[in-house]
Amino acid sequence: MGDKDDRSPKKKKGATKDMDDLKKEVPITEHKMSVEEVCRKFQTDVVQGLTNAKAAEFLLRDGPNALTPPPTTPEWVKFCRQLFGGFSILLWTGAILCFLAYAIQAATEDEPAGDNLYLGIVLTAVVVITGCFSYFQEAKSSKIMESFKNMVPQQALVIREGEKVQINAEEVVAGDLIEVKGGDRIPADIRVTSAHGCKVDNSSLTGESEPQSRSPDCTHDNPLETRNVAFFSTNCVEGTARGIVICTGDRTVMGRIATLTSGLETGKTPIAREIEHFIHIITGVAVFLGVTFFILAIILGYTWLEAVIFLIGIIVANVPEGLLATVTVCLTLTAKRMAKKNCLVKNLEAVETLGSTSTICSDKTGTLTQNRMTVAHMWFDNQIHEADTTEDQSGAAFDKSSVTWLSLSRVAALCNRAQFKAGQDSVSILKRDVAGDASESALLKCIELSCGSVRMMRDKNKKVAEIPFNSTNKYQLSVHETEDPNDNRYLLVMKGAPERILDRCSTIMLQGKEQPMDEEMKEAFQNAYMELGGLGERVLGFCHVLLPEDQYPKGFAFDTDDVNFQTDNLCFVGLISMIDPPRAAVPDAVGKCRSAGIKVIMVTGDHPITAKAIAKGVGIISEGNETVEDIAARLNIPVSQVNPRDAKACVIHGSDLKDLSQDQMDDILRNHTEIVFARTSPQQKLIIVEGCQRLGAIVAVTGDGVNDSPALKKADIGVAMGISGSDVSKQAADMILLDDNFASIVTGVEEGRLIFDNLKKSIAYTLTSNIPEITPFLFFIIVNIPLPLGTITILCIDLGTDMVPAISLAYEAAESDIMKRQPRNPARDKLVNERLISIAYGQIGMIQALGGFFAYFVILAENGFLPSQLVGIRLNWDDRSLNDLEDSYGQQWTYEQRKIVEFTCHTAFFVSIVVVQWADLIICKTRRNSVFQQGMKNKILIFGLFEETALAAFLSYCPGMDVALRMYPLKPTWWFCAFPYSFLIFVYDEARKLILRRNPGGWVEKETYY
Amino acid sequence: MAKDGEKSDWKEFLWNPRTREFLGRTASSWGLIFLFYLIFYTCLAGMFALTMYVMLQTLDEHRPTWQDRLSTPGLVIRPRADDTFEIVYTKEDTESWDLYAQTLDKFLQPYNDSLQAQKNHECAPDKYFIQEDSGEVKNNPKRSCQFNRTVLQSCSGIDDRYYGYREGQPCIIIKLNRVIGLLPGKDNQAPYVTCAAKKDDADKIGELIYFPPNGTINPMYFPYYGKKAQVNYSQPLVAVKFLNITHNEDVNIECKINAENIPVGGERDKFAGRVSFKLRINSKN
């Protein structure tokens, strides 16, 4: 709950206000002014451009035309964060206490024991090394980004003092007159003053997949939709245009979005919050125990120095030193695994976020769809035919034998200016690059696929004249020679908006025969048109006519400007409709998300009808679910009479979204399971994400355009597209889908959920050994026995033997179908909860501690010190000057002799912990299933078992260890002391899990299922 | 606003009157979990007791399973000066050495000839006093040999109540730590104790005299059979008297046991088979 409040801190009022300003719509007004007014405003000239002096002045005033790079944290700050974050503070405290203790000893004693100094150095080394490790891991993953940076400096063609000059795009200033042509990137926001067939690709800004034409006239109040403004960093696809720069750098529409994006404060990732929660618990326990025993030690009459040393011991025992490194390694391993499946993770912690995700807001274009217009349907012979829209042409084919189809394809092929770029013969037709607009390319590919080479067809039917498409006619026509060399007639082909085409037709072709267009046919046409339009498809009508030879003999001069030939009474051939079809894998992926309890919301800049059609196509609006409008249409009642609660699905238009209050917004998000937002602006996308987060959802946003980047940044996890994605979006995202495929997200969700489960297991495993590490100290202080386990041996466990097994749990396979359960509830399903602590500390840890203590008592007893004698022996035991301490048999021991026995006990305790950790590792493999169900297929885990044992044996038997770590060789029998306890752990936990499985929801599950 | 919320959250967590939950659990829930842990820990304690019991059954009553850490028995001096291994006093200042004399008095009390004669056996000297068990039948209790205080002669404190401290000729008593079954010396060659000054102090140590003569420890005191079988065992002692040690200077002395079958102790252990201490006698003359 506190987290949510943190997101809008009050102290940043000024900044918040600024951000709110940025969240508002674009304030550009120049599109409504006349060219002259614009010129006056910028003191420029529409022919001559700016003077060099003015340009220099403006450059000085406005700064360079470049986006301010987002503020980056300096490397040393990042490093320090790693060095002092998490448990580090606790360990630093321990290290400082060590040095302090050593300093006191050095000052008061002649020959101070080096133990504390060494321990201090070791602790410091541990902190520094784990800090460096995490830092480099993080640096490595953030380096991925650098490869995406576009280093090529951009050029712009400006007209200054009447001369065209090529300058660096950074030097462009407001008021500059610039020229762009097809293929250029637009260097700033410009008000178009003149254009020739200019089309720009605004997809990265608005999400519209088709290029938009640009012209000097204002066509819309909204600057984003009007034709006379072209935007910074969008691309000019074809044609040329001239315009006056109205905004540069951060003041451009794109710049505002980028500033908005980098200014957004992102919350912590869910896993970071979980780890923080966990660190709080552990630190709390450590500080509580440490302080309690410090006070207790003072009360019991220990000296300050001793009490401080106890404090150090308790801190060292309580902190799982290796755990954070383990978590980092586990996350890295998962990140690598995901990278192999085309999910590149920029921020390591984001690996898990997808697993917690409960809502995905997906952009449509390019993510859900192929971002390529494709012919979807045709209507001819009074019948709708379905074309194959799949990426690999695996779909059903339609009947191509009809003569009408031949005519239709001929019209579509001839009345088409698109052509394949050269040198792509080896590439499959669908993947070839095409010069031309999206719908013409779609037609070209469709015809090429079904009828063979379009070029040959065009060669056979030489083009004689052509009228290109314009918005007033809404048609395009061309006149060709016929294929038959004996036939001297000309063939006129035309395509365009269906209703306009129909108006010009008097006949219709049915089964290859021309028939008069009657009312019945007109109605059939209307129905087909409505149906295809309702599918969100763009429909084109096609017609042709063979011009009579007597009127248009061979060599007739067709005048396309002043049309001197017949353009009506044509013969209607058919309709072809196109859509940007969904990717093949998407419906399946959406289905998987849904069964995984994840709500998929479509947020797109595209039109509602298209958006809804695609949403239905991919299952975002599932079959049988209706929107309010659908219900109204079905029941034939006005929309206002429909109870909005009846509709599970809804499609919301951006302009409606603008007027919604926060409550209404929450209401929509809460009560509809299937939501499509259409015509949304970047700011609205942000509002949608915030709305979902307000309802407690963990939100993933996918997108490729610049318009998506604020939402990407605000989301708990932003997923950008690797191929089609813009740099800004990649910059803002946490994860990049290298294959642009929505289905990869499902992999991400699966991996994220798996790593969350496995981290739980890993932490349960690591935390368990804390109890056998702490209890020796407590008993040492309270009942005055010789110390059973030293700080060095504790570090050997935490940083040595426990590491590989803990990491190996990251490789554990899922216990059940993790994609069939609901996403975790971040408020309730914690990474480390009281049940995990109860199991690890209260149960398994206690058994482990007993195993260790048993080994300890065995060694002391077999050496002559029976348990009954040990209680209270500590003062004499640790007295350096007492060299004839009597054991239970009457033998006398020097200080060093009994210390060797004590250190042998430490070694045995350590080995016992390794032995009981075998069983712990095996039981931690599963949380619910039996090991016998799960199997021992995890090879890394088996390696881990052998590795920890080998390491323990090495530490015990390697010569020199007595000097280096004060670990001594064990008699072989002492290895077996903890075996019964190891066995007990295994049996106990198997029994617990058996009851847990038999009794779902029972007490055992409630109290022990972590 | 968050603070108020947090505060009431805390209160509610502590005691929620609506659900009657204390710290997030109802009474019965607390009861159940307590009961569970009670049973669980009782079982664990039982298991631990069982394993301990089994382990204790495997132990021999009279001899520990392992003695390898005691292969070189420790050497200890008396009087023992608190923590420092230093014997420093001023000849003329009675109070400065009185404590040493008292310590030795107390230490030698059990060695009084009368007590020894009462409790212990007079053994045949110069050979090990071996009292074998005959098979399963234990030959217990085992007898111990007398070590009479008078053997220490002028260091016995009988003639000189102050053990030579008043004269600046102090006695130091050295004992070898008890180790069950240890048979020091080979072929009945008796082990003996020697003391010497450490390198720089060689000329300061002066003349020494050992009691019993030559600092030998008679083999009849070995082997030791443990405190259960050999209740009245008297540990053999060696006394060293410094006859003319240089006064007003620190003298570092090391004494060690010489026996062929006792390995020299490790570098780390300064008290295995040897003992070092500092002796400083201040004199106002």
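Sequential numbering from 1, following the chain as shown.
The backbone N, Cα and C atoms fix where each Cβ goes, glycine too.
Per TrEMBL, the features are as follows:
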| type | residues | note |
| --- | --- | --- |
| COMPBIAS | A:201-216 | compositional bias 'Polar residues' |
| DOMAIN | A:29-103 | domain 'Cation-transporting P-type ATPase N-terminal' |
| REGION | A:1-23 | region 'Disordered' |
| REGION | A:201-221 | region 'Disordered' |
| TRANSMEM | A:83-105 | transmembrane segment |
| TRANSMEM | A:117-136 | transmembrane segment |
| TRANSMEM | A:278-302 | transmembrane segment |
| TRANSMEM | A:308-331 | transmembrane segment |
| TRANSMEM | A:763-783 | transmembrane segment |
| TRANSMEM | A:789-814 | transmembrane segment |
| TRANSMEM | A:835-859 | transmembrane segment |
| TRANSMEM | A:900-919 | transmembrane segment |
| TRANSMEM | A:940-957 | transmembrane segment |
| TRANSMEM | A:972-988 | transmembrane segment |
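At the 8 Å Cβ cutoff, the transmembrane segment (A:789-814) and the transmembrane segment (A:972-988) share fewer than 3 close pairs (sequence separation 6 or more) and do not count as touching. When each of the listed stretches A:278-302, A:835-859, A:900-919, A:972-988 is scored by C-beta pairs under 8 angstroms to the transmembrane segment (A:83-105), A:278-302 comes out highest. Across the candidate stretches A:278-302, A:900-919, A:940-957, A:972-988, the maximum count of CB pairs under 8 A to the transmembrane segment (A:835-859) is reached by A:900-919. Of the recorded ranges A:278-302, A:308-331, A:940-957, the transmembrane segment (A:117-136) has the largest number of C-beta contacts under 8 angstroms with A:308-331. Beyond the transmembrane segment (A:900-919), the same-chain residues lying 6 or more positions past its ends with a Cβ under 8 Å from any Cβ of the stretch are 765, 768-769, 772-773, 776, 786-790, 792-793, 796-797, 801-802, 805, 847-848, 851-856, 858-860, 863, 865, 877, 893, 945, 948-949, 952, 955-956, 962, 966-970, 974-975, 977-979, 981-983, 985-986, 989. Averaged across the domain 'Cation-transporting P-type ATPase N-terminal' (A:29-103), pLDDT in this predicted model comes to 84. The list of residues near the transmembrane segment (A:278-302) in space but at least 6 beyond its ends in sequence, with Cβ under 8 angstroms from a Cβ of it, reads 86-87, 89-90, 308, 310-311, 314-315, 318-320, 763, 767, 774, 777-778, 781-782, 830-832, 837.
Panel annotation: around the transmembrane segment (A:763-783), residues 278, 282, 289, 293, 296-297, 300, 302, 310, 313-314, 317-318, 320, 322-323, 326-327, 789, 794, 797-798, 802, 805-806, 809, 831-832, 836-837, 839-841, 844-846, 848-849, 851-853, 856, 871-872, 874, 909, 912-913, 916-917, 920-921, 924, 1010 of the same chain, lying at least six beyond its termini, place a Cβ under 8 Å from a Cβ of the stretch. Secondary structure of the domain 'Cation-transporting P-type ATPase N-terminal' (A:29-103) per DSSP, as helix, strand and coil residue counts: 47 helix, 1 strand, 27 coil. In the region 'Disordered' (A:201-221), the DSSP tally of helix, strand and coil residues is 4 helix, 3 strand, 14 coil.
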